[in-house]
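Asker: Please find one structure pasted underneath; my questions will follow.
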Amino acid sequence: MKLAMIGFGQAGGKVVDKFVEYDRERNAGIVRAAVAVNSAKADLLGLKNIPKDQRVLIGQSRVKGHGVGADNELGAEIAEEDIDEVQGAIDSIPVHEVDAFLVVSGLGGGTGSGGAPVLAKHLKRIYTEPVYGLGILPGSDEGGIYTLNAARSFQTFVREVDNLLVFDNDAWRKTGESVQGGYDEINEEIVNRFGVLFGAGEVQDGQEVAESVVDSSEIINTLAGGGVSTVGYASEGVEPRKNNGGGLLSRLTGGDEPDDNLDTAHTTNRITSLVRKAALGRLTLPCEIEGAERALLVLAGPPEHLNRKGIERGRKWIEEQTGSMEVRGGDYPIPGAEKVAGVILLSGVTNVPRIKELQQVAIEAQDNIEEIRQESDSNLETLINDDEDELESLF
């Protein structure tokens, strides 16, 4: 699937920057174009892989390149005012070669959480291609203002995109890690999961063709109903075969020698085990998978370690667990890979306790901020006025 990726804000820019690096290293053919948008000049300068002419600084007249200070209402205003500058960078994207737009943003900050929904609305008005969002939720320990920003941005972002893929920082934090190390690892996790998902079906010249191809239309159809999506991932190390002579026919027939039957059974069992682990393990947004409207399963790895029987069994298991009859599946052969990975996209999930918890904390933070503001006005009056009101101000 060929994507035009737009990173909005600091977190969004870093994730898209990482996607460009991933795409280049693996020759995956996912990122057709990449743009970074920010109101903080320093954040744009910190990017390594996005071309400099595709980095857009907005809000210079309002915030002088210093960011919006976690004020996402200001972030939304700036994005609306400077949308033409962003469009200028998007104009250089060969849209006829793109399957969809992906707007990536952290939902807890100011620029991204305010500006990403504005950009998504703008793109949907102009282009016929689907516009997806990738929203990153802040950790619950990051503070009330970031939780409030995330709850408000999430609500708006879901309405403005064709589908919102969500990654929850809370589910991926590790104790004792540095701030920088923690975010780098989280960005790595995001890119690995979505890289396998979007990379399936993008075959370059000379590459192995999948037995059951997952092309961009299958991903688009899985995301078509809108709402919120989550992604599961599991992998297992394997020994790649020295001579990759098996190819498509051997995978269809179960091997080129009769004694390959044991290997076929082992391969099938590994695939079904990976599917279960991906669906029931750590999802990008933890939720109950029962009730998901649609699902897509992609198995990636050396071609000799993939087979149709395992994928069919995995697909059937997902149907049983979700109750959905709209479960697509396929493989993504990567000759010479040292692991087999299973990726599951669950679209239209609704039983998400983390979102309800986020909203509850946000409401408390909103009430608390208003209360403190009122108290602050009263306390300031008490401080500056004398008790008997005998002093007169200068003017």
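Cβ coordinates are placed from backbone N, Cα and C, and glycine is handled just like the others.
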Asker: What does Swiss-Prot list, out of N27, N187, N192, as binding the same GTP as Q10, A11, G12, G13, K14, G110, T111, G112, E142, N169?
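Answerer: So, going by the record in Swiss-Prot, that would be N187.
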Asker: So the record assigns Q10, A11, G12, G13, K14, G110, T111, G112, E142, N169, N187 to GTP. If I measure every Cα pair among those residues, what is the longest distance in angstrom, as a whole number?
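Answerer: Greatest Cα separation within the listed binding residues comes to 20 Å.
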Asker: Please determine which of the binding-site residues listed here (Q10, N187) has the lowest count of neighbouring CB atoms within 10 Å.
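Answerer: N187, out of the binding-site residues Q10, N187, has the fewest neighbouring Cβ atoms within 10 Å.
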Asker: G12 (GTP binding site) has how many other Cβ neighbours within 10 Å of its own Cβ?
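Answerer: Neighbour count, Cβ to Cβ under the 10 Å cut-off: 32.
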